[in-house]
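Contents: one structure, followed by commentary.
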């Protein structure tokens, strides 16, 4: 008699991989491959269905009513045989090796044959390679191959690093129209403005015979009224390109004596701050205040004055993180509510400088509080601050308005800071739960891999560490000490530099020009007065100087730097009333 048994649903986990590996082996047997691709002098046996699954180009070819739909041998033209071979191997293995030597050819072939996955990963590889020597070429290549996100990020890199890019050979090869577009950009971050003029003259000197005729017109794109008068006078007296052209002399003289309408005249790098809960609100017992006060401002370091920006709409928040990318400000995560009723959020906000209004963007994949965020290679990274006992990471692409997960850091830390430096993400922190020692961890976007760096002289412990990158080095401070440390990634070495004048709690460490600004409050005296002074560190002189104070007694805030036209924002920051633009 047969017993009644439950049905058995059998699943072989390795089946899909085994099938692909088997098909890869069977490709060499002509009877078991149903099409052969002819590329140059190479013959590539393969299977129509697999090609069609990976490429809309091949899907249309084999599923449609074309001659190739019925042929056993299909010739492909205008593609490189070696690259097609790599694409076909990818179809069967899901593996691809992208290098600086093959990325352009591979991208062209993937674009020609419409392999979207390969196009995407090649685009990401190019994006992570961006630097001053190649951003112009990558921008043009991205436009040619339809990688518009890559082109946009390369253009943004140019705007943020114009002075460095202008010193490279690629800049000298720019076509006249592309140079004009570059010089005319309102968001070009140059300081001082004469850098724009010097870059233009360098471009013309590279080929004066063909380019000198364009100089008068291109001079109109330079904010000449912002160029120091001695510089203009020197050019008029000594520069042959100017002396040989009456049109150039007139443009230079008039441009410096008259304000050009419609052009931003006072682009300047400034410190921006979004404030959360303030001391007076905390003393009210954590209840929601009956009115809102200003919470978004910038500090004009030249005038030493705080000016109002449109309020961040989520008032009295804490635990959020602030980062700036392409002079747009991003605020992510955080908690709000009373001391007994708080919650983390996935919220993400952006303040696009052109629109000058706060807008919600795609929410994060994970709710985060007391996390870190930083800009790296045209994206925003959010690190840590989730409920899990792991440092979970995700990145935001402003071009697609989407978040994507990144592998977690190998070591768990709860007391940490992060910064992008030389194309990599550095995470410095410790955990009271597992180990007190600070650990230095590094994420490479190119290889999509984390590593733990054993580095000599890394400080043993810092309370609430804060780090920032400046001129290729990583600077580190903490709440519990005035000491300042600097890390050289190339030498893998830490060393001490000049100490701060004061302690700074719950603040930020922000690079601005060639200086580092530190914000944050400190309790002083027996009466417990709360002070919010700022300091600035000169890396050349190895010296700190006190530099004003925060406009409110914020117990929590976020800070970064952006370029904006200070002449367009003229309302002083008055913390006792809401700010409007």
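Glycine is no exception: its Cβ is also placed from the backbone N, Cα and C atoms.
Per Swiss-Prot, the features are as follows:
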type	residues	note
DOMAIN	33-100	domain 'BTB'
DOMAIN	135-237	domain 'BACK'
REPEAT	280-327	repeat 'Kelch 1'
REPEAT	328-378	repeat 'Kelch 2'
REPEAT	379-423	repeat 'Kelch 3'
REPEAT	425-472	repeat 'Kelch 4'
REPEAT	474-514	repeat 'Kelch 5'
REPEAT	515-564	repeat 'Kelch 6'
Pull the DSSP breakdown for the domain 'BTB' (33-100) and write it out as helix, strand, coil residue counts.
31 helix, 14 strand, 23 coil
Integer mean pLDDT for the domain 'BACK' (135-237):
89
Could you count the residues of the repeat 'Kelch 2' (328-378) that DSSP puts in helix, in strand and in coil?
0 helix, 26 strand, 25 coil
What are the helix, strand and coil residue counts for the repeat 'Kelch 4' (425-472) according to DSSP?
0 helix, 27 strand, 21 coil
